[in-house]
Amino acid sequence: MSSKTKFKRHRFDKALISEIQKLHKLDNWHGIMMLLEDWICIMGAIAASLWAWQNLPLSGAALTYLLSVLVIGAKQRGLRVINHMATHNAIAKNPQLNYILSTVFAAWLVLESASGYDNTHNSLQNGHHPNLGTERDVDHKAIVEQGLYGEGCSPENVQQFLWMIPFKTLGYITFLLKNRVWNPYEKSTERVIRLSYLTVLLSVMLWAGLGMPVLLYWIVPLFTSAIWIGIIIQLAEHYPLMESNHEYDIYVSRNRILNPLINFFMGTHNEGYHLIHHLYPRLPLWQMKKAHQVLMADPIYNSLHHQTGVLHLFQQLIPTTNPPAIAELQPVRE
């Protein structure tokens, strides 16, 4: 099936393509290690907060709890990243393991559906990848609906959007519900198994008297910090590049190359290499850094990375000139 994206494919040198193809090799252990990283961080954050409530003054315990919410939300994002890459069949070599790792231990626990995500990410109907930047791209459409493209948009609008992110929570939850959690195109079998799994799991935890910990250390991060991180990342991946005058795909996605601390929150599991992901969607996350080093030999790719870091990222998100004056979504190229 051909792509309906409005952007042309950037052509890399054949030698570089050959090196990148070598990095596409999958295995069955990296995905497990990624999951372990997420769950160890989550459990560590919970343990630190519980210890703080028992041993620190109220102010110290409250601060520790807030930090734990940030860490847990970041790693809940990590679980969503695993689901994302599993829809590209890029978490494990074994298809069954790819599915189990991404659902039972990741997506379902952050309320996402694997098949629902696949529909809004990879399908020709309304998927982000094959319809990049068009009216069928649900991710791009969500940004457009925030009023961040068009003649009336200014850098001040973007600044206001970023400051108001906590108040955008309900809107982003609605986006997730429609496209990731309760997508009408979710496979009925998965929906039955997913809801049954969550019902049994929650019932067991309530029976064990863990209702309050589940609320404080899972539900609260899931609907606060994980949401806010997701909003920033959704903006950072393509804005304001998507409606630029560039014809080629290499110019309309962005890598986020950040310091380790910021990257923990905004680039977990190497998801910050978003440009590479769009160029090579099935490239495993654990090969992203190597792929970046290979692609730096391409002069155009190299020119896009003369500056890095979080300050440069936000300078790109809040340009000194108005974003492209395009008020409507681009039509799909048939």
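Just so you know, glycine gets a Cβ as well, placed from its N, Cα and C.
Database features, via TrEMBL:
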DOMAIN    63-299  domain 'Fatty acid desaturase'
TRANSMEM  32-52  transmembrane segment
TRANSMEM  58-76  transmembrane segment
TRANSMEM  97-117  transmembrane segment
TRANSMEM  161-179  transmembrane segment
TRANSMEM  191-210  transmembrane segment
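Across 58-76, 97-117, 191-210, stretch 58-76 shows the highest tally of CB pairs under 8 A with the transmembrane segment (32-52). With a threshold of 8 Å between CB atoms, the same-chain residues lying at least 6 positions outside the transmembrane segment (97-117) that come near it are 28, 31-32, 35, 38-39, 76, 79-80, 82-87, 89-91, 176, 179-183, 185-187, 190-191, 194, 197-198, 222, 226. Taken together, the residues of the domain 'Fatty acid desaturase' (63-299) have an average pLDDT of 93.
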